[in-house]
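Colleague: One structure, pasted below without further comment.
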């Protein structure tokens, strides 16, 4: 299946149903009073994280999603039916942004996590709500409000523990093939890897971690050159980055400059990638003499100002790979993933008499009071029967 990690969709929540103007009319009850019911609330739009999905390709073809409108109120104080909600399934790891404002609405990082992205409109009030001592036969109602409408940008970020960095042909895909069951394409030309891939590294029956391989970076990637800039976002959730440096580049380029290119692109990209733990791994030591490999690695580390430990490996024949993987496993155990628990603020409980409806009723009552003028003289009141007078 084609890997698609970005999509734009339009979501429209349902409008609220309108209130009804109606009066009770039955045999022997000619003036039964108002009985218009309220409308129904509009349906909401939700996103649901599903671990069985791994691409956003479905939303390249289906781009519009609309929740159901609330039904209008009816006579006999019948309330309209609430509109049905709509649920859109997305892969775990999807980031949701409002395209208009750029606001991050949420990160779908857990299976079955739900996120409301569109609130349905409020129902309108029927004329029975406006009955009062001064307005026995109200002919007012309110219409339902519009549901939320917005364009969303969905970005799929792979959930991996370890991310691979390096120029094209640094040996990233070969490494992930050597340590996991993943089989990304491997060849002797640049940009063999066109899309990210994940591999599970199993150290024993109880310990494992996930490694992500992304297309190689080139100079100017942070400005849009090459393929890597599109996929650097997949490294944002990694706990450690493995920076692979080719000790014997096929194009005879300078490994020191190659390593500096990657470091510079991380700093230019931002999003905290440059501050993440990064390990220096020298690959393809099997292509040169062992002493020469150690000499080159030492020179590169000194030129980069690298004081931490570095590794010499050959991903092709798995030389030095197992100790590296165990060190990664121990690092991950010592630095467990911090699951961000969003402390959701207590939501305002919205009943039928919410602020919107209170304002509507207050306006109508104010108008009715202004129209009602009583001079306390019963003689000029039309339609008033004097029952008793002293």
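Glycine is treated like the rest: Cβ placed from N, Cα and C.
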Colleague: Suppose you had to name the range Swiss-Prot annotates as region 'Disordered'; which of 88-107, 108-127, 128-147, 148-167 would you pick?
Modeller: 128-147
Colleague: On the three-state reduction of DSSP, what should I expect for residue 314 (GTP binding site)?
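Modeller: For residue 314 (GTP binding site) - judged by DSSP and reduced to three states - the answer is strand.
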Colleague: Quick one: pull the CA-CA distance for residue 166 (GTP binding site) versus residue 173 (Mg(2+) binding site), whole Å only.
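Modeller: Rounded to the nearest whole number, the Cα-Cα distance is 11 Å.
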Colleague: Which of the binding-site residues listed here (215, 284, 314) have a Cα atom within 10 Å of the Cα of residue 173 (Mg(2+) binding site)?
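Modeller: So the list reads 215.
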